[in-house]
Amino acid sequence: MKLKFTKMHGLGNDFIVIDAINQSVSLDPATIRRWADRHFGIGFDQLLVVEKPGESGDFRYRIFNADGGEVEQCGNGARCFARFVRDHDLTRKNTIRVETACGIIMPTVEENGEVSVDMGIPRFDPARIPFITQERALTYPLNVNDREIEISAVSMGNPHAVQIVPDIDLAPVTSEGPAIESHPFFPEKVNAGYMQIVDRTHIRLRVFERGTGETLACGTGACAAVVSGISRGLLDSEVQVTMRGGNLRIRWEGEDQPVWMTGPAVSVFEGTIDL
């Protein structure tokens, strides 16, 4: 049996997107890992699945990392998801109500082809991240590889640990990122973000993603970094986030308000693969 897919990317964070409404799809972790292999498979950071919704959305959005594990949220993927359902005539709406494992998101396809996404309200309560600590704080000490670092912990539907560094080009992303990802204080693992503040409206960012490794861009990581910077009084409410794959615009008006992310979503090619 052959399965149709579309290869897409958001700032180099790449995906395959599968329509599970108009074709039968059955996935398992071993199959996803095989397809994710960049030498023997298709190659991607995440696999995105478009499904019929429950009662509250237009579509249901499922996300699987390259290691085969299902995760709650992916910001760059959300933009690609929205472009996919529009480009494949699954909807004519500009603003789409999408069900995810962590709640409803509302992507809007703009006239210029970019996609803006209401990413929901960030969570700082340690129990909801989840993060093991005695009480909520702006920053937390974390012992990693025999040194203490200072992080902010926030959930954007998935957990993030964000630290400020003087120069992200020199940050120990690949050597330290895996230790943060698997730190015992994060029982569901965590995405490790490294943020360099250029000024109050501009940051540079690298992210070691849970279950994937470092990617060229991370949408939820950009949201988490900006939210942590605003919470600490270091950033304004609208910030440009520069990652190795390109730029996102993130806007957040403060606690109990949703985070808005705007950026590109690009289709690369369509193909079929044997199940």
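Backbone N, Cα and C atoms are what each Cβ position is placed from, and that goes for glycine too.
The annotation substrate binding site is assigned in Swiss-Prot to Asn13, Gln46, Asn65, Gly75, Asn76, Asn158, Asn191, Glu209, Arg210, Gly219, Thr220 on the grounds of sequence analysis. Same-chain residues at least 6 positions away in sequence with a Cβ under 8 Å from that of Asn76 (substrate binding site) are, in sequence order, His9, Gly10, Leu11, Asn13, Phe15, Ala217, Cys218, Gly219, Gly263, Ala265.
Residues or ranges marked as active site, proton donor in Swiss-Prot (evidence: sequence analysis): Cys74. The local packing around Cys74 (active site, proton donor), expressed as other Cβ atoms within 10 Å of its Cβ over all shown chains, amounts to 30. In three-state terms derived from DSSP, Cys74 (active site, proton donor) belongs to neither a helical nor a strand segment and is classed as coil.
Around Cys218 (active site, proton acceptor), taking its Cβ as the centre, 33 other Cβ atoms fall within 10 Å, counting all chains. Classification of Cys218 (active site, proton acceptor) by DSSP places it in coil, neither helical nor stranded. The active site, proton acceptor annotation in Swiss-Prot covers Cys218 and rests on sequence analysis.
Apart from the site residues Asn13, Gln46, Asn65, Gly75, Asn76, Asn158, Asn191, Glu209, Arg210, Gly219, Thr220, the chain places the Cβ of Asp45, Ile63, Val71, Gln73, Cys74, Gly77, Val207, Thr212, Thr215, Cys218, Gly221 no farther than 8 Å from the centroid of the site's Cβ atoms, the recorded substrate location.
The binding-site residues under consideration are Asn13, Asn65, Thr220. Their Cβ neighbour counts within 10 Å are lowest for Asn65. Counting neighbouring Cβ atoms within 10 Å of each of the binding-site residues (Asn191, Arg210), the lowest count belongs to Arg210.
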